[in-house]
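Participant: According to Swiss-Prot, the feature active site, N6-AMP-lysine intermediate maps to Lys125. According to Swiss-Prot, the feature NAD(+) binding site maps to Asp36, Ala37, Glu38, Tyr39, Asp40, Ser85, Leu86, Glu123, Arg146, Glu181, Lys319, Lys343, an assignment based on sequence analysis. Taken from Swiss-Prot, the feature Zn(2+) binding site covers Cys437, Cys440, Cys455, Cys461, and the record attributes it to sequence analysis. The annotation domain 'BRCT' is assigned in Swiss-Prot to 618-696 on the grounds of sequence analysis.
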Amino acid sequence: MAQAGPTPQQAIARLRAEIEQHNIRYYVHDDPSVPDAEYDALMRDLQALEAEHPELVTPDSPTQRVGAAPLAEFGSVRHAVPMLSLGNAFDEEDVRAFDKRVADTLRGAGLLGLDQQVEYFCELKLDGLAISLRYEEGRLAQAATRGDGQTGEDVTANIRTIKGVPLRLHGAPRVLEVRGEVLMNRAEFERLNRTQAARGEKVFVNPRNAAAGSLRQLDPRITAQRPLRFFAYSWGEVHGLPEGMPTRFDEPAPGVRVASTLPRDTHGGMLDWLAELGLPVNLRHNHRERGADGLLAFYERIGKLRADLPYDIDGVVYKVDALPSQRVLGFVARAPRFALAHKFPAEEAVTQLLGIEVQVGRTGAITPVARLAPVFVGGVTVTNATLHNEDEIRRKDVRIGDTVIVRRAGDVIPEVVGPVLEKRPADAREFVMLTACPICGSAIERPEGEAIARCTGGLFCAAQRKQTLLHAAGRKALDIEGLGEKLIDQLVDADRVKSLADIYSLTAFELAALERMGKKSAENLVAAIDQARRPALGRLLFALGIRHVGETTARDVARHFGSMERIMDASEEALLAVPDVGGVVAGSIRRFFAEPHNREIVEQLTQQGVHPQAEAEPEGTSLAGKTFVLTGTMPNWTRDEATRRILAAGGKVSGSVSKKTAYLVTGEDAGSKLTKAQELGVPVLDEDGLKALLGL
């Protein structure tokens, strides 16, 4: 019998939890855990589900606020006017839809004629840290980070060290709250990293990371040494215009006049006013445009200038210029209706392939990695990029010494796209796969029919042991916060941790003695380990790192059997009774628990007080148990987005067409899967058909 998929409430809860974790990494720790595109897709999925089920919307949903709570080390500041984020556009269709919504609303309010186009103020989307500056009686009184949009961190002392931030404004209102971005120029970033490296100190990943880390120093003297810049781009609370400044009236509707607290009636005019007060405003590339065509032309123009700018941008921002129109359009909980951020795609660059090394994964997978001459791409300096596997290297004809195209896929994971053949040197060398593991010396074998070669050393191999532990501590497994790669490296290298069970015997005393671990950090890690003593059964099964057993399969197996003991003792036939578990997965689980060492680890976990909790059965949905296969390129949804929506509705997604396939979803260049589906009589849907099936 097919297992029921998650209810809308469960799907929403899962998405909220995942987004909140990403928010903490991005907003609090300045350490993004996923590409922007993946985060945006998660947020769109949650917004879609909440739109379908408004009764499930709660005030603490990520769609109702921005970011995450501030760190405890800084004082908290409550924003008088919330610091909202912006809605995102990723393609032309999104921009045109935004312009149409704005125009329709303004025409309905009598503020735009039928033959008129909306006028927008277009700006660069600076890639730094959002900051609010509060001036009282013309003096800088307080500075705060965005935080969660409602409450931020007090960074006044650090902001005062930035030379471009005025400590006093002349002719300012009694209260003026200025919003803007703190950033670091690329040239200054490179210079800072060279200095850091020469001192043996931490180097930063990119200018945004450097700016955020510099601003959030507890010691303002460190911030003062960093080359930070500030640009104002908006405002919050404004009260008490100076005497002598005439009162200005807005007309939010025909015949209605309202006194305004602002000295100008357009967004661009307000930025000019802020500049007149002495605040740094990035006016050089800002421009007014009309209608969607004007917005898209601005986007294209800035895209061509992007590489020549002295600082990083990750898109452009469109704002309705007229402030009365902005007030009519208003806000949703998370973003203004009158503004939109249009993001740039990933970047590509050309550099030299200096060499190819291999990395050993937790299952022994050998992954070739390109060592590159440093190149700035997608906002970071890239020196390594994935080559995936030996077959991929052959397919792309990449050779050591080649000039190669590097793409920062998803703006996070760099990959080698291919060689520039006309620049290939005469001494370019082909890659030859190693025959022995570079870490443990065990034989490297490539099973017949597989693309990936593997080290045969198992947990004897320190590299596999490290990756296994890192996997187990991860967010989708045991979620042990603070147990990261560098700490695991130290524990394995010292032979202190040989298996997952050893993690639970660690003490704060011995952890505090490790590099970069103080007493408080050690105590926090021990507390996180203690919290992981009662994981969901599926999480613990996933944490064991059984080959072919992913997060979803682990959860399905856990729900089917109910206890680790029953899973360990299950025959291959019993495992095959679990929906969507085939011979490969069943055999892999059976072989894993047939190994005495692995059973011993589970017993050791029990002795360390690890008691997994049974998985709850999900309630049924209309797509529960139905298997989908995706092929080709859909016009609007990415494959990942379509997959997430199917899973959220209770369906399953497979990589190959079979008699068990309920639907094949196709886009352009569908290929052989479409042919096979037609042969088997599998129903075929396009993107619109899938949306209809999902009730969208």
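Any Cβ shown, glycine's included, is placed from N, Cα and C.
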Participant: Under 8 Å between C-beta atoms and at least six apart in sequence, can you list the same-chain neighbours of Cys455 (Zn(2+) binding site), or say none if there are none?
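Facilitator: Val360, Gly364, Ile366, Cys437, Ile439, Cys440, Ser442, Ala443, Ile444, Cys461, Ala463, Gln464 - these are the non-local Cβ neighbours of Cys455 (Zn(2+) binding site), listed in sequence order.
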Participant: Look up Lys125 (active site, N6-AMP-lysine intermediate) in the DSSP assignment and reduce it to helix, strand or coil.
Facilitator: strand
Participant: Which residues, same chain and not among Cys437, Cys440, Cys455, Cys461, have a CB within 8 angstroms of the centroid of the CB atoms at the recorded Zn(2+) site?
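Facilitator: Neighbours within 8 Å of the Cβ centroid, excluding Cys437, Cys440, Cys455, Cys461: Val360, Gly364, Pro438, Ile439, Gly441, Ser442, Ile444, Thr456, Gly457, Phe460, Ala462, Ala463, Gln464.
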Participant: Please compare the binding-site residues Asp36, Glu38, Asp40 by how many other CB atoms fall within 10 Å of each one's CB, and tell me which has the fewest.
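Facilitator: Looking at the binding-site residues Asp36, Glu38, Asp40, the Cβ with the fewest others within 10 Å is that of Asp40.
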Participant: 10 Å Cβ neighbour count around Arg146 (NAD(+) binding site)?
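Facilitator: Within a 10 Å radius of the Cβ of Arg146 (NAD(+) binding site) lie 23 other Cβ atoms.
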Participant: Taking helix as H, G and I and strand as E and B in DSSP, count the residues of the domain 'BRCT' (618-696) in helix, strand and coil.
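Facilitator: Each residue of the domain 'BRCT' (618-696) counted once, the result is 26 helix, 18 strand, 35 coil.
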Participant: Need one number for the NAD(+)-binding residues Asp36, Ala37, Glu38, Tyr39, Asp40, Ser85, Leu86, Glu123, Arg146, Glu181, Lys319, Lys343: the maximum pairwise CA distance in Å, whole number please.
Facilitator: 25
Participant: Please report the DSSP secondary structure of Cys437 (Zn(2+) binding site), reduced to three states.
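Facilitator: Looking at the DSSP assignment, Cys437 (Zn(2+) binding site) belongs to neither helix nor strand, so coil.
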